[in-house]
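Noted in Swiss-Prot for the protein shown:
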| type | residues | note |
| --- | --- | --- |
| TRANSMEM | 27-47 | transmembrane segment |
| TRANSMEM | 87-107 | transmembrane segment |
| TRANSMEM | 117-137 | transmembrane segment |
| TRANSMEM | 146-166 | transmembrane segment |
| TRANSMEM | 196-216 | transmembrane segment |
| TRANSMEM | 224-244 | transmembrane segment |
Amino acid sequence: MPAIALDPIHQFEVTKWLDLRLGNIDISFTNASGFMLLGVVLVIGFFSMATRKGELVPSRLQSVAEMGYGFIADMVRSAAGEEGLKFFPFVFTLFFFILFANLIGMVPYAFTTTSHIIVTGALAMTVILMVIVVGLIKNGLGFFKLFAPSGAPLPIYIILTPIEIISFLARPLTLGLRLFANMLAGHIMLKLFAGFTVMLIGAGAIYIPVAALAFAMGVALNALEFLVAGLQAYVFAILTCVYLNDALHADAH
């Protein structure tokens, strides 16, 4: 068996599909670009097909789309309030892009774009930049009250304000790392169990019971990874709503 077949890291390698350069800048179209584009196309295609007819008695596909719409709307309303609903399109797009990217990664030989920190980090930075812009537009300099607990004595201000600033600056780091680490670790484990199963089967009949156990664990891990794919999209979206709520109501802190 080729060593590459058992290498759990090889699946994350970014490869060029189309070599493109703009002067000294490499703008090649890679497998990461392709699968991100595929995710966008699938999201648009799914909701376009589901809502094409807009029947009063919804079809199964339309029902799923409406459930997704209602789920995100309820999430935004509960975490960011009625005022946060103006950001529903952003949170909706973010959730389903991450969800479809995670699910695409579960297809054999597909590429998991969310297992790369450059992708999850870019998404996290987009969220935090939006939070800062919204906070400044909504509250002006009052946005900085977010870092100063109201009603606290001066010594507490001196201690807590730097902590609050560091905590805020760490948000994009933790937001991006959480998604990246979960997807990376999960796919490494899937690859290892699959590789062990094949290796044990090839080692002889005596190892068949152990291979069967490894296969069963791999199947269970696959089911868990589908759950993680949805859960991580939800966590990313709900934290986005929480951060937007902080920006919208900074003067309440």
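Backbone N, Cα and C atoms are what each Cβ position is placed from, and that goes for glycine too.
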How about the transmembrane segment (87-107) with the transmembrane segment (224-244) - do they touch, taking at least 3 C-beta pairs under 8 Å (6 or more apart in sequence) as contact?
yes
Honestly, do the transmembrane segment (224-244) and the transmembrane segment (117-137) touch, with at least three Cβ pairs under 8 Å and pairs 6 or more apart in sequence?
yes
